[in-house]
Structures are given as structure tokens and as C-alpha cells.
Amino acid sequence: SSGQRCPVCAEPWVSPRLLPCLHSLCVPCLRRLGTLGETGRAAAARSVLCPVCDSEVTLPPGGIGQLTPDYLALNRSREAAGCDLCADGAAARRCLTCGADLCLFCCQAHRRQKKTASHAVMELENTKDCNQAGQPLFCPSHPTEELRLFCEQCDQPVCRDCVVDRHRQHPYDFISNVIHRHGDALRELLKSTQQHMSTLEDVLGQINDMGGAICSRTEAVATEICLFASGYVKAIEEHRDRLLKQLEDLKVQKENLLHLQKAQLQQLLLDMRTGVEFTEHLLTSGSDLEILITKGVVASRLAKLNSVAYNTHPSVDDGIQFSPRERAGQCCGYEVFGAILNKVVDPARCTLHGEDLHSARQNQLTGFTLLCNDTMGERMGRGGEAVQVTITHKDKRDRAVKPTVCDNGDGTYHVSYSPEEPGLYAVCVCVKGQHVQGSPFTLMVKNKFREHRGVFHCCTFCSSGGQKAARCACGGTMPGGYQGCGHGHKGHPGCPHWSCCGQVKESSECLGGPPSDTSQRSLLRTVAL
């Protein structure tokens with residue numbers, strides 16, 4: 001609140017209350033706001049729209065009566081009182097002898113009169129600090145008791161009767177002892193908000209510069225289009241007009257996005273400026289008690305403003321280009337060339353493809369393909385994008401896999417990798433720093449084909465020189481009626497009988513004849529788990 005009157009009714013303050021947005025309204029105006037919103041959704045949520053900044057603010061559970069009083073507004077109202085003698089001019093000085101506020105004209109007359117010529121007159125501004133410091137504030141619950149204590153548990157000023165009543169056994173201290181700590185906390189919030197304001201002003205400056213760059217770039221592209229279209233007479237002129245219309249629409253689209261971002265940031269900056277101005281005034285002009293009474297709502301507002309997220313760069317760029325060799329179809333029966341290129345990759349529309357996207361084998365090269373699309377979902381058709389891929393073990397962070405990204409130059413990128421450690425991995429695929437569709441996703445790396453040690457026996461058919469009657473120690477029967485194990489055998493109907501299944505002991509021998517050189521050797525056989 002920056003004036004001496006209510007901003008809604010323009011009347012002198014009547015019990016001004018401070019809203020969470022740091023704007024003050026008199027109680028009658030607040031009640032009228034509540035009456036207007038009784039049938040709406042805002043009333044059901046116990047909230048109203050501030051008529052100054054149009055912010056939706058939530059009322060305390062107790063309603064308007066629990067809003068923080070704005071003592072600073074009352075002080076400003078008293079300071080803006082008129083002349084006590086003529087009642088026409090604004091008071092500029094005060095007679096310390098008779099206590100009257102005087103305008104400049106009456107002050108001169110006051111000094112010329114014999115009875116009052118010796119009175120001490122002081123500038124009204126110089127009496128402000130003395131008056132504010134000397135105004136006692138009384139407890140709402142105990143009107144005869146002055147607020148001199150501060151309850152740390154309830155975070156509010158209290159009187160002597162309060163600490164033996166509702167605030168019994170609560171930690172408390174004199175206001176003069178706690179003002180420094182709470183004032184410093186407000187100053188820290190104020191400093192943070194001022195830093196945000198500086199950043200916002202820089203961003204708004206960048207937005208203004210970008211708006212000029214877009215206009216400049218648009219004019220340059222329009223000139224290119226006009227030069228290119230001059231050689232095609234009527235057909236090219238129509239094609240030119242079509243291109244200019246498309247360019248204008250693109251310009252309007254980008255400008256609208258910039259204007260929207262600018263309006264949002266300007267509103268945030270305005271809200272922060274309001275909070276900063278109020279807080280600065282509170283800390284410099286308010287008394288200790290006034291700071292403590294108001295600091296809760298002020299700290300809440302500043303903290304809320306400081307938590308608002310905003311983009312520190314313009315939301316669009318000036319990436320508008322004209323390609324004179326791009327085929328543009330038919331115009332008036334003629335094939336024309338020339339198109340505006342505004343394709344921008346959209347990470348949210350980029351897709352991942354691959355048969356084993358979520359599974360891999362240890363120490364085995366595998367991969368997948370990234371397909372980049374623009375904001376319309378169409379394939380980019382060209383490479384050069386900034387693609388980042390990270391593959392990190394979820395349990396062993398130091399076991400990250402280093403992938404290889406191959407740009408195919410047609411809008412697709414092949415990602416290959418070979419994990420050395422089995423387990424669950426998190427895979428992140430980003431384009432221009434943003435996750436693509438389906439990212440991040442989990443990858444399960446299974447154990448490699450492990451080496452299995454076993455004693456291998458050649459089949460009875462081989463070791464016996466082709467005798468069908470030969471029998472193997474396991475008593476099994478081979479396919480085709482041959483004695484031995486029932487496992488298959490590549491290349492002939494015999495059976496490579498080994499003990500990996502635990503059916504044959506290491507001392508077993510083929511009984512059908514002398515074993516071959518490999519029948520008794522211990523071999524390493526690769527078996528899939």
C-alpha cells in the first residue's frame with residue numbers, strides 16, 4: 001500500500017488490513033469483496049481476488065478479522081492530515097508548543113503573531129520517527145495492555161496477560177531483544193528477491209533485443225524472398241505472396257510467444273517490486289513492533305515470489321531461414337522453388353527403436369536407433385543435433401557404460417554399447433538437453449554365456465567304429481536307435497554325450513569300443529544359462 005487512502009474506495013483508511021500479496025484494503029472494502037464472491041468458487045476456497053494486482057489470495061481461517069493490520073498505512077494517513085488552522089492546505093510543519101499541524105501559509109502567520117512567535121516549529125517529516133516510535137500498540141485480546149513481548153512459539157507479539165493466559169509456558173522475550181534476529185531474516189529474503197529482480201530485468205532486456213532481432217531477421221528473409229521471386233513473373237509473384245504470408249504468421253507466432261513470456265515476467269517483476277518496496281519501507285520506517293506484526297505475511301509473500309520458477313532466456317529464437325532450392329510444388333502450373341525452413345527438433349516427439357531396447361547381454365555389442373522429429377511430428381531429415389546418451393548402473397554408479405552415438409545424417413542416430421557388468425541400468429537419451437520420448441528407461445543386462453566345465457564322451461557310434469550294438473555307460477538311447485545319450489549331434493545321427501547334465505560320472509567310458517582322442521578329454525563347452 002503506497003498511498004494515504006484505500007485504493008478501492010479512495011477514502012481515508014478505515015482499519016486497513018494487509019493481504020498476502022502485500023496490498024492493503026480497508027475492512028469495509030474487504031467485506032464487499034467477500035459479498036461479491038459468495039456464490040463463486042473463490043469463496044468456497046476462502047479466497048478473493050485482490051482488486052489491485054488481480055492475484056487470488058487466500059484468507060485466514062478466521063476470515064478478514066485475522067488479516068494482519070497495516071499500521072504503516074495508518075501512519076501515512078496521519079502524516080497526510082490537513083492544516084489544523086485553515087483546513088484547506090496540506091500540513092507541512094508542526095508547532096511543537098501547541099501541537100498543531102500547519103500549512104506553509106499558516107506557519108508564516110503563526111510566526112508573525114505575538115502570542116505564537118516564540119513557538120518552536122519543526123518540519124512535519126522530521127517528527128515522523130519520533131511519533132512512530134512513541135505510539136503504543138495495545139493487545140487485541142487485552143485492550144489495556146501494551147504489546148511489548150514476542151512469543152517465539154506462536155511467532156507473534158503478545159502482552160503480559162497473554163504470557164500467563166493463552167501463551168502459558170511458551171518461550172517469549174522482549175521485542176527489543178528479538179527484533180534484530182527477525183529483521184535480519186527479512187533482510188536476507190529481501191536481498192534474494194532483489195537478486196531475482198535484477199535477473200528478471202536482464203531477461204526482459206534480452207527479450208526486447210530478441211524481438212528486434214526477429215524483426216531484423218524477418219526483413220532480411222523477406223528481401224531474399226522478393227529477389228528470388230522476381231524471375232518468375234505472375235507464378236512466382238503469387239508464390240512470393242504466399243511465402244510472405246507464411247513468414248508473417250511465423251513472426252506473429254514467435255512474437256506472441258515472446259509477448260506472453262514478457263507479460264508473465266513483467267507481472268512477476270511487478271509483484272516482486274511491490275514486495276521489495278513494501279519490505280524496504282517496513283524495515284526503514286516501521287517500528288520494531290510493526291516489523292514483528294507484519295513480518296509473517298511479508299516473509300510468506302517474499303518466499304512465495306522467490307520460489308516462482310521462470311525461464312532465464314527468451315522462449316523462442318530467431319531461427320528463421322529461407323531455402324531457395326527447396327521444392328515448393330506447383331503454382332499457376334509452374335513448378336516453383338523456395339521455402340521457409342523453421343523445422344526445430346522436438347525432443348518430446350523423438351522416438352527410440354530397437355528389438356532389444358530393454359535387454360542386453362554382458363560383454364555383447366548391442367544398440368538402438370533414435371529417430372528425431374520436429375514439433376509437428378515429422379522426420380527432421382537431417383542430422384547435426386546434440387544427442388547425449390548416458391547408461392548408468394543403478395547399484396554401481398562407477399560402472400557406467402560409455403555408448404557410441406553415430407549420426408546417420410538423415411535424422412536418425414544409432415547408439416551402440418557393450419555393458420561389462422550385469423544388472424539393472426538406467427538409460428537417458430537427451431536431445432538439446434531434454435529427454436526424448438520414452439527416456440529415461442531401464443535396461444536389464446543379463447550374464448554372458450558362461451563357460452561350463454564337464455567331461456565329454458564321444459558317442460558309441462563313433463567310438464565303436466560304427467557298431468550299432470555298442471552301449472554307453474549311461475544306458476541312454478540315441479536318435480535312430482543308437483545306444484547312448486539322447487542329445488542331438490550335428491553332422492551325423494550320433495550323440496555327443498557329455499556330463500553337463502550330471503547323468504554321467506567322470507569315470508564313465510563308452511563301452512562300445514576304444515574311445516577316440518576326444519572321448520576322455522575335459523572340454524570347455526559354452527552353455528546358455
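Each residue, glycine too, has its Cβ placed from N, Cα and C.
Your range for coiled coil, going by TrEMBL and the list 169-200, 233-264, 457-488, is 233-264.
Taken as a whole, the domain 'B box-type' (78-124) shows an average pLDDT of 75 in this prediction. Helix, strand and coil counts from DSSP across the repeat 'Filamin' (342-445) read 3 helix, 50 strand, 51 coil.
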